[in-house]
Amino acid sequence: GDGCGHTVLGPESGTLASINYPQTSPNSTVCEWEIRVKPGQRVQLKFGDFDIDDSDSCHSSYLRVHNGVGPTRTEIGKYCGFGFQMDGVITSKGNEITVQFMSGTHTSGRGFLAAYSTTDKSDLITCLDNASHFSEPEFNKYCPAGCVIPFADISGTIPHGYRDSSSLCMAGVHAGVVSNTLGGQINVVISKGIPYYEGSLANNVTSKAGPLSTSLFTFKTSGCYGTLGMESGVIPDTQITASSVLEWSDQTGQVNIWKPENARLKRVGPSWAAFISDEHQWLQIDLNKEKRITGIITTGSTLAEYYYYVSAYRILYSDDAQKWTVYREPGMDKDKIFQGNTELYQEVRNNFIPPIIARFFRINPLKWHQKIAMKVELLGCQFSIGRAPKITVPPPPQNKNDDKNDDFSDDFIHSVKTSLQTDKTTFTPEIKNTTVTPSVTKDVALAAVLVPVLVMVFTTLILILVCAWHWRNRKKKTEGTYDLPYWDRAGWWKGMKQFLPTKSAEHEETPVRYSSSEISHLRPREVPTMLQTESAEYAQPLVGGIVGTLHQRSTFKPEEGKDSSSADLDPYNSPIQEVYHAYAEPLPITGPEYATPIVMDMSSHPSTPLGVPSISTFKAAGNQAPPPLVGTYNKLLSRTDSTSSAQALYDTPKGQPGPGAAAVELVYQVPQSVAHSTGGKDE
């Protein structure tokens, strides 16, 4: 009828739409589609869009679906309405279905677009579905035939991906994963979008450039889309021939030859061009052995001064270069005409579904601009024929029934031969981006020997390097090891002994008092030069371990008006406290001028005579000399020397001779940062 729009009816699927869709269909038009699939199968019908005027309750404008065709058909349903949403699909009872569209008088309504397939395609979608209709990151869908529609747009190309607003099925045709005349299954993967989508021409579908989108989709394929060697040079020049070659001399007398070997994609310079431009010209490529050819890419001359290109061509293929077969799509009785270039620079891709299996490949130009000229590249992968396994028949046993065994062996061999002849299988390996044809038959044994040897050699080298590195580091560590110098060991130990904690804890809290008579027997000790520094406002920090328990902080202050180097000092250590502070706190402004004296009780000391009273030491007022106890006293250390466990070491007060053979030597530590007079007199 006159109301039929876009229609593609394939053997297993197809697409149909009302006239002028998606615009308003004209008044008083009718169209009827009769759809048939293989016997034993049923038809399912799915609507992508439905918008039919229902102002007269489906009386003059409607869509009607019938089981079967012809006079015996039975009605399944009658449908109309604006923006009618039909959930699910309409399924026939047999392998035939009739769709009837009637358009009466109306002022609006887009009409409809529907897709059909056999019922075994449960994931059928329509040509209007895009990636944004599905939330899964990866999914499989079945695209019907006929999805190259003029009212749908796509943006993007392979391998970068397609914008999420693109029609899934139309993008599948552009990518070469499904055929527009057959339909097919697509495996879609959703990923993050890109800022810009390129446009290209492929399989008679023009992809437009597109802006940024939040997501994009690509297709999972078998991977048999690698280049076969035209651009890379794997195919030698001698295997590229042509029916004729364009040749002429320019104004300078230089001869220009557009040879067949120039027909390599992306090759700089002129392309191949035929001397005569007619439909009998061809460009032939010998692949050296059978390959699985899945596509072809073509350009024009790529020279601006020679605006030559081929706009349409046929494909022929052969195994012996004698008998040629023209490529046709399955179920079609006409040769497939491929769309070529529309200008001389753009690369145009066409895919073969199903692929071509052949050694010799020939391009036959049918339409061109000015002259026949082109550059090409073939896409595909290796093709292998499955070899039947070798059958080994065991020899029959030698016994009395030799004749029967011979008959059995003959029957068995005959059955094996028959099965091998009838069960020959051909498979196509999934090889991606194959550009070189490796020969694996002769290299298998060599590789089996070389690979283990190389692995062992590299492993040995790595072990040697690691061992050398460890040995070098160990040698460096050995050379860099140092110890305390021999001459400093004794002094170091003596200096450190005074900072070690006391052994007896019971004497730490007991005040020790000394009498003047005992102090008179003590011999003076030299004050280390390093301790004769200027008087400090605060006590120096204690260096070393925990010397004792401090009870009260104290500070030293030299007598005003006197030289710090010769002034009488009342160095009293602060009593011990529970909390250790590295530095003493400053004297309060209103506090006493001098530190609190230390009261020492010698009555508990084992070397002190009985009856000696406890005395205290303090600084006299004015210029009066203090008691004979002069010097700097620090905390009493009860640690004994390693050479004399019974001796307690104390500093000897200045100016007092000490017994050299005394059993017990009292040693007092000099306060830090306090200047002392070296004379024996008290001032």
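Glycine is treated like the rest: Cβ placed from N, Cα and C.
Annotated disulfide bond per TrEMBL: C4-C31, in sequence order. Neighbour list (C31 (disulfide bond), Cβ cut-off 8 Å, at least 6 residues apart, same chain): G1, D2, G3, C4, G5, S18, I19, Q100, F101.
Averaged over the domain 'LCCL' (121-217), the predicted model reaches a pLDDT of 94. Residues or ranges marked as domain 'LCCL' by TrEMBL: 121-217.
Annotated domain 'F5/8 type C' per TrEMBL: 224-381, in sequence order.
Annotation source TrEMBL lists transmembrane segment at 444-469.
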**Request:** Quick one: give me the count of other CB atoms within 10 A of the CB of C4 (disulfide bond).
**Result:** 16
**Request:** Tell me the residue counts in helix, strand and coil for the domain 'LCCL' (121-217), as DSSP assigns them.
**Result:** 11 helix, 38 strand, 48 coil
